[in-house]
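Under the heading domain 'AWS', TrEMBL lists 20-70. Among the features that TrEMBL reports, domain 'SET' is placed at 72-189. What TrEMBL lists as domain 'Post-SET' is 197-213. The annotation region 'Disordered' is assigned in TrEMBL to 216-242.
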Amino acid sequence: WTQIRHNIFQHRHQKTLDDDDTLICLCKPPKDGSPGCGEDCLNRMVNVECSPDTCPCGERCSNQQFGKREYSNVALVRCGKKGFGLKALENIAKGSFVIEYVGEVLDSRSFELRQKEYARQRQKHFYFMTLNSSEVIDACRKGNLGRFINHSCEPNCQTEKWCVNGEICIGLFAIRDVAKNEEITFNYNFERLYGAAAKKCHCGSAHCRGYIGGDPSNPRDVVQTDSEEDLEPIMLKDDESE
């Protein structure tokens with residue numbers, strides 16, 4: 001696994017927007033010197049980041065979290081049968097940006113080939129996240145700490161898609177206040193992958209469904225378990241599409 005800071009596109013060049021194509025909000029720099037582009041920012045309302053080159057609030061714009069990588073303070077920890085996970089090193093308020101999910105961006109054909117390759121290699125864990133209707137992020141070989149976030153049936157974060165300089169990016173945002181030292185989690189919304197078995201869920205929630213990605217009551221679904229010696233994170237595929 002190689003740590004990267006932003007998505008790497010395997011099949012095309014990364015998009016860039018000209019100033020003429022950039023959405024410019026109507027915010028004005030606050031007279032008291034406080035950050036601009038708050039909750040009433042038109043761009044923020046539609047999950048579009050402001051451009052540092054065109055935003056009326058200039059350096060005081062607070063709607064550039066992805067571009068500036070304004071992540072919450074988190075750390076990689078071992079989480080028993082779940083493998084590795086992330087924990088908060090600070091109190092994280094509801095609605096806060098936690099981290100972007102980055103990796104290799106694959107088109108549909110490359111995604112299919114990658115799934116089959118992992119099946120031949122008998123990969124036990126997957127790191128796919130749907131980016132849009134034709135592209136998928138794979139953080140197996142290249143990614144950031146976001147790849148280590150575990151599933152929970154009662155999560156404290158959710159994924160959101162934002163437009164950043166013309167590209168869709170996926171971020172994890174807190175859906176409730178997260179206490180210092182609490183594990184960061186989200187619901188994988190798992191969709192079965194080529195060769196992937198259902199996984200036993202170890203989230204520990206009072207509302208735990210008992211499994212991820214299949215129904216263990218169905219004899220056709222083989223439930224795969226993990227031991228505490230198997231310390232690879234269990235990242236599966238988010239089935240949200242645009």
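Note that Cβ sites are derived from N, Cα and C of the backbone, with glycine treated the same way.
Using DSSP to sort the residues of the domain 'SET' (72-189) gives these counts of helix, strand and coil: 20 helix, 52 strand, 46 coil. In the predicted structure, the domain 'AWS' (20-70) carries a mean pLDDT of 95. Within the domain 'AWS' (20-70), the DSSP-based counts of helix, strand and coil residues read 9 helix, 3 strand, 39 coil.
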